[in-house]
Structures are given as C-alpha cells and as structure tokens.
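Chemist: Could you have a look at this structure, given as structure tokens, before my questions?
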Amino acid sequence: MNLFFFLKPLSSLMILSYIILFFLLVRNTSCDVDPNYVACPPKTCANNNQSISYPFYIEETQEPFCGNPGFAISCGPNGFPILNLSNTHYIIHQIFYENQTLRVSNAAFSVSRSNTTNSKGCLPVPLTHNLTLPSTPEFDIAPNQSNMRLFYGCESLLPWPEEHRVGCPNETSSVLAFYKEDKNISLVSKNCRGEVVDTIVEDGIIEGGVEEALRKGLLLTWKAGNCSECHSSGGRCGFDSIMYTFRCFCTDRVHSAKCDPDNGPGIGIPSMLAIGLLFLFLLYKRKYATSGGQLESRDSYSDSSSNPHRETSSEYFGVPLFLYEQLKEATNNFDHTKELGDGGFGTVYHGKLPDGREVAVKRLYEHNWKRVEQFMNEVKILTRLRHKYLVSLYGCTSRHSRELLLVYEYISNGTVACHLHGELAKPGSLPWSIRMKIAIETAIALTYLHASDIIHRDVKTNNILLDNNFCVKVADFGLSRDFPNNVTHVSTAPQGSPGYLDPEYYNCYQLTSKSDVYSFGVVLIELISSKPAVDMNRSRDEINLSNLAVRKIQESAISELVDPSLGFDSDNGIKGMIVSVAGLAFQCLQREKDLRPSMDEVLDELRRIESGKDEGEVQDEGDVNGAAVSHSSAHSPPPASPEWEEVRLLRNIKPTSPNTVTDKWESKCTTPNISG
C-alpha cells in the first residue's frame, strides 16, 4: 500500500486548517462603516427625550433617506417634534414603534394667545376653526378614538360647568366642547350661534374634562415598512427613493431586509473565503468517500414523495418554509368553497394561519420538473424583490414536499380585470382618476422590475391586484425571468397570455423588457375602454383589443373606444388625459420593439399627463394618430397580431394561474396564457 494515499487527506486537512485560521485572523482595519448607516442614527428634538427614527426623520438634521416619504418631522420652538399633515401642524407627544402608533395633538391647542399659562398650562381657544384631521395615505386614525364637537358663540349658555369649557382662565371664552354622544348636544346646538367644529380625541380620558382630552390629542397609526427585522440584526432602517422601497443600512453596506451577522466590517471577505475553502474540502472528501471516486449524481427536480417533508432548514431562498399539514389546515383541507381561482399552473385558496394572518395559498397542479422549476423561479424572484406595488411572498413548502405550495399576502379587492369587465364591474365605480393611479403604480412596479433585471412576461389586468384603497399589487411571477445587464434579450418559447403577447414572439422567440411594454400598452387600452384584451364575440379583426385600439386611433375615432362612464364628452380635462394616454398606448403597441418607449419613459409620460404638464396634450382625438405616428413617422403602424393562432390556443389551453391573492372570483375574469 502506498502510505501517501492515507496521508494525503490528513495533510490536506492540516493545510486547510492553517489557511482558514489565517483568513479568520486577518481583519481589514481600514474598512469604513457604510455612510448610510452613519447618517441615520436615532435623533431627538432639543431637550425632548422622544427618539426619532425610521420611518420618521428630522428634516433639519437628517437625510431624507433615513425615513419614508411623508414622515418628515420638524422640531418646534418648545422642543416637541412637529408633524405636518397637509399644512396642519400636529405636536407629537409619544411614538410607539412596536405597534406603529403615535399620540399627537393639534398645534392649535398648544400656545396661549395671551402667552400666559398656569402651572398646568391652560388650553387656549383655537384660533383656527378647522380641526379636522387631514386624510393622508401614510396615517390613519387608530381604533377606539372618540368624536368631540366644539361649539362657538355660546354666550347665552354661560356659565356652564367647567369640565365642558375651553379657554384660559384670564380669557372670556364662549366655546363649549362635548363628546358626540353627550345628551346635552341637542340643547347646545340650538343656543350656540357660532360655528360647530368636529375633532377627534383618544377614548377613556375622563378626569380633567374636555380640555385634558383635547390637550392629550389622539392616536394615529402609520403605514410603512416594519423595521423590527433590520433593527434586531443591528441595522438602521431607511428608504430608497429611486426604487421606492425599504432598505436596511448596515455597517458593511445596504441590505434589502436585514444585516448579515457574519458580514461585519473587515471580516466579511475572509469569512467568505474560509467558508468557500471549507466547502471545497468537504466536496473533495465526499469524492473519495463514494464508490469509484465519483461524485454523487445531482438530484435535479426529483419527486421526493417517499420523503414528503425532507427539510434542510427553516428557510428556502430566505423565506419561511411551511409544512404541507399547516397549509392544509389553514385552507380547511383545501375546501373548494375557499377557492379564489383556478388556472393552468394551479388552484389558489384563501386561508388563515394560526397567527391570524389571512393568506392566499397557491397549489401547483403537477409535481414534475417543469412545475418545480416554475415554483423555484417564483420563489427566487419574489425573495429578491421588495416594493409597495408588488405582492409579498410569505413563504412556501419545500420543493421536496408532498405538494408544491406558495403562500402570499391576501389582497381582498379583486383584480383590475374584474373591476373593468368582470364580476366587480359597475358603471362609474372606477373613475378616471383611479384608472390613472392604477396605470402609474403599475408602471412604477414594472420600472422597478426592469431596474432589477427582471422581465415579468405576463403583464395583464388579471395580474394587477387592488387593495381596499385601490392601490396596485402586481402579482404572478411564475413566468418571470432574469435578464443580465450584459445581454439584450432572453430566448424562450412564447409565454404569456393571448391578447397581451409581444408580436415579435412569433418571429424570433426572443424576450426583452419591451415585451412588458407591449403588454402594458394593452393594459392602458383596457383602462381607457373597459374592454377585455380578447373577446371572441367581437368581429374577426377586432378579437384582440390591441388591433381594435390601433385601428380606432388611426381612424381618429377614440371616442368609440372610450368607456362612456369616464366623462370623455363632458370633461375636457379628462378628455385631454385620455387622448394623451391613448397616444402613449399606441407607441407601446408598435410591432417593432425598438420603436416602443422604455418603461422609464412610459412612467415619466404618465406622470406628466396626470400633472397636466403634458407639453403635447391633445384635446382633439383626431390629433392622436398624428402625434403618435410622428414619433416614428418613417415606419408603418403595427399590423394585427396573428389572432387566429391565439383563438386556437384559447380553445385548447387551460386557463392560466389566477391572481394568487384576490378575493373570490370566477374564471371569466381570467385571461389564459401560453406556456411553451
């Protein structure tokens, strides 16, 4: 026997040990802490002890990226933080970060007109009579708040019990305040000759009367990314205004959600090298441990039903793993009454987790390599992305589980398709302002995807979800694909949905970000017309909505395309915006991808149209064709897509995966897709 054969693994192990020890001891002391982390420590106002941190930031002393848009705070002359809501100032008394609430009071009650206060601080009669809390997307009134009504000009009722009077002792006040359910409201309203003003105060404040309630104010809740995960990992939360998404600022660099505990300054690279070397050694050892010195064959998308819950960790691609039994219980054994939709990739069920969260559970049909690939792709894509206009993935089962299940946040207000031409469609229920909002928010989401080197590949109104405030959530990433910076396209079999397919799919089977632009052009036409992308009841050359729209625009007949409930004929402002959006959609629907704008350009144009600053604003629909074509006057307009090929597919292919997180809706709201 050759002794070297036995000593070789041992000597390799010793050498490897020295290398690992060397790298772990080496620290790069010259590494600087990330400047974003340095810029965003918690702050306070003057002598006030209230800590100000994400999502809030102090305008005078912190960078805007330390907080969310709409959460800027200034420091008042008395040392209290001031929150400005629609030009109304509110004093912040307390911030409760753990449950995302804060106690505020209207600044109108804070300073006495006579500049004299008693030891407790008297409450002056407010100079302003507008005490209504402004409506903002960032803040809501917390539960358990009470309505209070202030009556001005109540001289005839004085003197009234002190607990209902508002004003400083040295002032003659004729203002009385009552909770709305007070039995004296009727009497007071008949005898007070001045204005009646409503305001809101916190429940349960009895001692001290109405002045104490007004002084303490009310509780608000806020809507922003949860900072707890980032904070617990040692990071400081912030916001990326370009990508419009949450960021975790760590000592080493900026992360998407939390800091890597093993990646501190000066040790991250050596640790990674050491781990890499250790991995190579284990691979080497495994090679000699197997028969014939051959590496164990790769298990590529194998069906492991014989071992249905083989879990290697509690996470997969960074998202929590659920057991099949957990989700079976959450959906009441996949009860058919809980079905949200049904399609080519799987069925979606409404469920409720033990922690109370409502979820949508997507159950893929076939456990074969193609479905596992689609499953892994959707998980990988969604774990990379965090954006307010993208649906959130809560977790999944292991790819070795008995069944492949994806768990999403539950969005209850249906899809854009259902609101436009499905079961939720009602005349006038989706005004033009909401449709413009949907268009812009969808464009923001797609711009973010393209900036992240991802093509959605199935943009359609069935994959645009709406929450109760009609905010957009783009969903269904099973067909999405990466496109690296150094390539211009991804070759693929045609995938997507009839009516939305890029015509170039049929020619070269190449996919680019401009394919999403084409599909988005169809979405814009749907928003204008409330018509489905494909309708078998329309005439042969108008089955595809894109063909119908292009023809109407070329014939200067946009009015025949527009949903009558939008006010196209009665409101010139809306008419101008619709005509401009139609011109933009016409450019998106160009057959040659190079003639289409990018999503960045589409988003800029939509924002310009909404703001009324559209330099090319068109009031006459007859000008749209010329305006749009002049952008590419040397080229012919986009010809019709081969709709009869799509008609065949409609008749023979099962519908696509529905919007995974919508409320219950029927298949009539679903447009099928093509998956090669």
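We number each residue from 1, going along the chain as drawn.
Cβ coordinates are placed from backbone N, Cα and C, and glycine is handled just like the others.
As the structure is a computational prediction, the values presented were derived from the model and not from experiment.
This is the feature table in TrEMBL:
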type: SIGNAL; residues: 1-31; note: signal peptide
type: TRANSMEM; residues: 267-284; note: transmembrane segment
type: REGION; residues: 294-313; note: region 'Disordered'
type: DOMAIN; residues: 334-609; note: domain 'Protein kinase'
type: BINDING; residues: Lys362; note: ATP binding site
type: REGION; residues: 609-676; note: region 'Disordered'
type: COMPBIAS; residues: 654-676; note: compositional bias 'Polar residues'
Chemist: Counting across all protein chains shown, how many other Cβ atoms sit within 10 Å of the Cβ of Lys362 (ATP binding site)?
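Modeler: Total other Cβ atoms inside 10 Å, all chains included: 29.
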Chemist: Where does the mean pLDDT land for the domain 'Protein kinase' (334-609)?
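Modeler: In the predicted model, the domain 'Protein kinase' (334-609) has a mean pLDDT of 86.
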Chemist: Three states by DSSP: which one describes Lys362 (ATP binding site)?
Modeler: strand
